[in-house]
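Copied from Swiss-Prot, the annotated features are:
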BINDING   30-37, 149-152, 186-189  ATP binding site
ACT_SITE  His37  active site, proton donor
BINDING   Gln61  beta-alanine binding site
BINDING   Gln61, Gln155  (R)-pantoate binding site
Amino acid sequence: MLIIETLPLLRQQIRRLRMEGKRVALVPTMGNLHDGHMKLVDEAKARADVVVVSIFVNPMQFDRPEDLARYPRTLQEDCEKLNKRKVDLVFAPSVKEIYPNGTETHTYVDVPGLSTMLEGASRPGHFRGVSTIVSKLFNLVQPDIACFGEKDFQQLALIRKMVADMGFDIEIVGVPIMRAKDGLALSSRNGYLTAEQRKIAPGLYKVLSSIADKLQVGERDLDEIITIAGQELNEKGFRADDIQIRDADTLLEVSETSKRAVILVAAWLGDARLIDNKMVELA
């Protein structure tokens, strides 16, 4: 497994792979890898000849400096996991390599609408940072496919739109959420939970499933469903942050013509902001 930290070396390897006619898959990550990331890697391996995993804690997508400072950097452990998975290439650049003149004056990519709604409304600049780094990685790696987790539902929708709008010839693969046995969605942020909070955390998925059950039996008073769900989260020990029921195909409000809904939930548990989602077919 090659570990590359500089743009010239990465370009050299990508040129070689292209000359050999290899099909390349990219898995962009911020490191601190868990089994959910490994599922992305496995999906990439099944679809391509060569798998490139990027590990870069992107300062442009953090709206709070303290979040950036405390985000775990576990490069050695991450590379050991990826080596066991027989990943071909890890791209682990420094911030200086990606943003030589800092983030403030760096050219950015913005996806109107999707970047400022829902999660974007409560985290200004976050999705602009995501779309900028992902488009830069697409330019550098030139993958045939790229794999992203469905846990970050809005992020996946944003990347699909960016790819369509910018004409990237890249297949975007959404990989289903991986969960612990008790239902908690795997996330790097779960590491912020205390042992006691970890026992409470599966309650998020229980509330999510409860909302889904109501929608599936035909309940359509969305405001009431959301209010009750917020109360349930708070009673379980969470601090409900945002609960949305949206059209899964547009992320706009659910309408009479909506075929599928997505339930998006964000809640604080101690110092961890947990997010999850669930799709529901609307009868």
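From the backbone N, Cα and C atoms, a Cβ is placed for every residue, glycine too.
Other C-beta atoms found within 10 angstroms of the C-beta of Lys151 (ATP binding site) number 20, with every protein chain shown included. Here the Cα atom of Gly36 (ATP binding site) is found 16 Å from that of Gln155 ((R)-pantoate binding site). Listed in sequence order, Gly125, His126, Phe127, Arg128, Gly129, Val130, Ile133 are the same-chain residues at least 6 apart in sequence whose CB falls under 8 Å from the CB of Gln61 (beta-alanine binding site).
According to DSSP, Gly149 (ATP binding site) sits within a strand segment. Put simply, Gln155 ((R)-pantoate binding site) is 14 Å from Met30 (ATP binding site) when counted between their Cα atoms. The two recorded residues Gln155 ((R)-pantoate binding site) and His37 (active site, proton donor) have their Cα atoms spaced 16 Å from each other.
The highest number of surrounding Cβ atoms within 10 Å, among the recorded positions His34, His37, is found at His37. Remark: Gly149 (ATP binding site) has Gly36, Lys39, Leu40, Leu156, Gly174, Val175, Ile177, Met178 as non-local neighbours, by Cβ distance under 8 Å and separation of at least 6 in sequence.
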